[in-house]
Amino acid sequence: MLSSLGNPRQAAAQLMNFALILSTAFMMWKGLSVITDSPSPIVVVLSGSMEPAFQRGDLLFLWNRNLLRETEVGEVVVYNVKDKDIPIVHRVVRKFGNGDTAELLTKGDNNLSDDTELYAKGQDYLERKDIIGSVVAYMPFVGYVTILLSEHPWLKTVMLGIMGLLVVLQRE
C-alpha cells in the first residue's frame, strides 16, 4: 500500500492530483460567487431563529442579482453586520424607501423582537450593501457537516488527513 510512495514521480503525481481537487473546488466556489453576485453563495443555518421555515443545519442557496426587482417585505435574506464575521439569515419585516436608499428591518421567524440589537452600533436599519443575498433554495440538514466541523475542530484535521491519505494511496 505504501510502496506506491517509493517512486518520487508517482508521489508527485498524487500530490498534484490532490492540489487539482482543491483548486477545482476553489474555482467552483469563486465561479458560483461571480454568477450569484454574492461573496457567500451558499450558507448554513447556524441557529433556530428561523424555525419553522429553516432548521439548524439547512444549507441555503443565495442569489444577489435582483437587478429588476427590489428586496421586498417577507423575503428571507442573509446579511452581514459590520465588524462581525457570521452571516445572519432572517426575514425582512419592514422596508422604508425604495431603490439603493431603501432601509430594511429584519427579524428571525422564531424571535420575539426585530434585529436592531444585532445591527452594528449606531445602525437602525440594513442598507442594500449589507445584504449578501436572498434565499432561493435550500437543502435540509446537509449543513450539519459544517456545524460539526466548527463545533469540533479536531474533526477538520481527521477529515483532511483521511482525504489526503486516500489521494496519496489511491492506485491508478
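Cβ atoms are placed via backbone N, Cα and C, with glycine included.
Features of the protein shown, as given by Swiss-Prot:
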ACT_SITE  S49  active site, charge relay system
ACT_SITE  H90  active site, charge relay system
ACT_SITE  D115  active site, charge relay system
CARBOHYD  N111  N-linked glycosylation site
REGION    158-169  region 'C-terminal short (CTS) helix'
TOPO_DOM  1-14  topological domain 'Cytoplasmic'
TOPO_DOM  36-172  topological domain 'Lumenal'
TRANSMEM  15-35  transmembrane segment
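Counting every protein chain shown, the Cβ of S49 (active site, charge relay system) has 19 other Cβ atoms within 10 Å. For the pair S49 (active site, charge relay system) and N111 (N-linked glycosylation site), the Cα-Cα distance reads 6 Å.
Look at the region 'C-terminal short (CTS) helix' (158-169): DSSP puts its residues at 12 helix, 0 strand, 0 coil.
In the three-state DSSP scheme, H90 (active site, charge relay system) is classed as strand.
Across the fold, the C-alpha of N111 (N-linked glycosylation site) and the C-alpha of H90 (active site, charge relay system) stand 10 Å from each other. Straight-line distance linking the Cα atoms of H90 (active site, charge relay system) and D115 (active site, charge relay system), rounded to a whole number, equals 9 Å. Broken down with DSSP, the topological domain 'Lumenal' (36-172) shows 34 helix, 36 strand, 67 coil. When Cβ atoms from all protein chains are considered, those within 10 Å of N111 (N-linked glycosylation site) total 17, not counting its own.
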